[in-house]
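Peer 1: Annotation comment: Swiss-Prot describes 1-232 as region 'Pyrophosphorylase', evidence class sequence analysis. What Swiss-Prot records for 9-12, 23, 73, 78-79, 102-104, 141, 157, 230, 335, 353, 368, 379 is UDP-N-acetyl-alpha-D-glucosamine binding site. What Swiss-Prot records for 104, 230 is Mg(2+) binding site, and it gives sequence analysis as the kind of evidence. The region 'Linker' annotation in Swiss-Prot covers 233-253. Swiss-Prot lists 254-471 with the feature region 'N-acetyltransferase'. What Swiss-Prot records for 365 is active site, proton acceptor. Sequence annotations record features per position, and here Swiss-Prot assigns acetyl-CoA binding site to 382, 388, 389, 425, 444 based on sequence analysis.
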């Protein structure tokens, strides 16, 4: 739809949120509200998007980047004034239309946007609005219709409405399409002769109606589609609905979610068929999970790729790649930058960071592997530590294929362990050591036994404590 410019209004503070963060940047299902709006507009086929920013505009610009163009509303003087700030970015010489949307209505999806635009074009209307009937419309403006025909007659802001008009339940959702030609001239005719002293965008269709031009209002089938969170209660409602929609989409695509009410999956997550998600699992960011996996329970995965046939149980995976057939957990932690090839096993209380792990590696218990490369088939014994940090710099550990690292081994980086080498349990080796392939490394201190010394040593400790305490 190259002949349509979308103008998204995102300049307001959102004071009812009672937050230091601008309302449109509050997250829903892992994505700021304005992100949902931009994505919905793009999925509807619109490429030319202008976002009107003001309060905390730097946050919005940082998030959206160059995906959109920007207009600035320095002073908050109403919705009509906000759209006017974008007028200079709308080319009226080529005809077409302008879509206006508030930046906080995430459930106006691409299908609804397409439906409104199609109805607008087919009717050759000057303006087309999307409306909804709410059980409790509160202080929102009301839509006025002819009681006999249902024809759209206009709208009235709540503060300007009569008691009878306030009983109307139909409201404008903040979404409208206008004919592009002459749109700026209409905006320049707006005035502030109302209770709030603001430039109302709805005055545009009042002007059009006075001129005898066609303005239509399309009513949404569901009140829930009009949900635009204004406070934390409504934000929680929106979050619950969006997550329910996300979970249902995955289930219809062949994913088993044992308890959808206790599973939290972000909007941009992809999951393959026949994967099973157990309760209390959180999957965030742009995570991709392959088919035939078992995820959870009590697992968190953030912006990672988990390939086919993996098991991730009671563990945390952050910004990492987990190859086919890997087993993670329970209680393992993959910190950012890990790459696991196929069939690796990372077990209880193991922690990895920036670790490249070869195929078939086993690291089952209480180990830390940081800034390390572990070759295929290596075995990492319980309690193995790569000491990679000296307080100033990080150093790498290289462990060759088929190497065997015994329990409670400290590898002081930088260190290289050759293919097939064996390091005996309890050894502390390195730094700057290169262990040859197939070598055996045993690091031991000779045990010293002093019979009867324990009692005298304990007595000395007691005396020292008494002297220190002055008793």
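The count begins at 1 with the first shown residue.
Cβ atoms are placed via backbone N, Cα and C, with glycine included.
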Peer 1: At the Cα level, what's the spacing in Å between residue 444 (acetyl-CoA binding site) and residue 9 (UDP-N-acetyl-alpha-D-glucosamine binding site), rounded?
Peer 2: 70
Peer 1: Write out how many residues of the region 'Linker' (233-253) are helix, how many strand and how many coil, based on DSSP.
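Peer 2: Per-class counts: 20 helix, 0 strand, 1 coil.
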Peer 1: Here the binding-site residues are 9, 382, 425; which one has the lowest number of other Cβ atoms no more than 10 Å from its Cβ?
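Peer 2: Relative to the other binding-site residues in 9, 382, 425, 425 has the fewest Cβ atoms within 10 Å.
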Peer 1: Could you measure the widest C-alpha to C-alpha distance across 382, 388, 389, 425, 444, the residues recorded as binding acetyl-CoA, and give it to a whole number of angstrom?
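Peer 2: Greatest Cα separation within the listed binding residues comes to 24 Å.
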Peer 1: Quick check on the binding-site residues 78, 103: which one has the highest count of other Cβ atoms within 10 Å of its Cβ?
Peer 2: 103
Peer 1: With a Cβ cut-off under 8 Å, give me the same-chain residues at least six positions beyond the ends of the region 'Linker' (233-253) that come close to it.
Peer 2: 17, 26, 28-29, 106-107, 224, 227, 260, 263-267, 269, 271, 273, 277
Peer 1: Give the mean pLDDT for the region 'Linker' (233-253) on the 0 to 100 scale.
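Peer 2: Here the predicted model's pLDDT, averaged over the region 'Linker' (233-253), is 97.
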Peer 1: These are the binding-site residues: 104, 388. Which one scores highest on other Cβ atoms within 10 Å?
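Peer 2: Most Cβ neighbours within 10 Å: 104.
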Peer 1: Are there any residues at least 6 positions away along the chain from residue 12 (UDP-N-acetyl-alpha-D-glucosamine binding site) with a Cβ closer than 8 Å to its Cβ? List them or say none.
Peer 2: 22, 23, 54, 55, 76
Peer 1: Determine, to the nearest whole angstrom, how far the Cα atom of residue 230 (Mg(2+) binding site) is from the Cα atom of residue 353 (UDP-N-acetyl-alpha-D-glucosamine binding site).
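Peer 2: Computed Cα spacing between residue 230 (Mg(2+) binding site) and residue 353 (UDP-N-acetyl-alpha-D-glucosamine binding site) is 40 Å.
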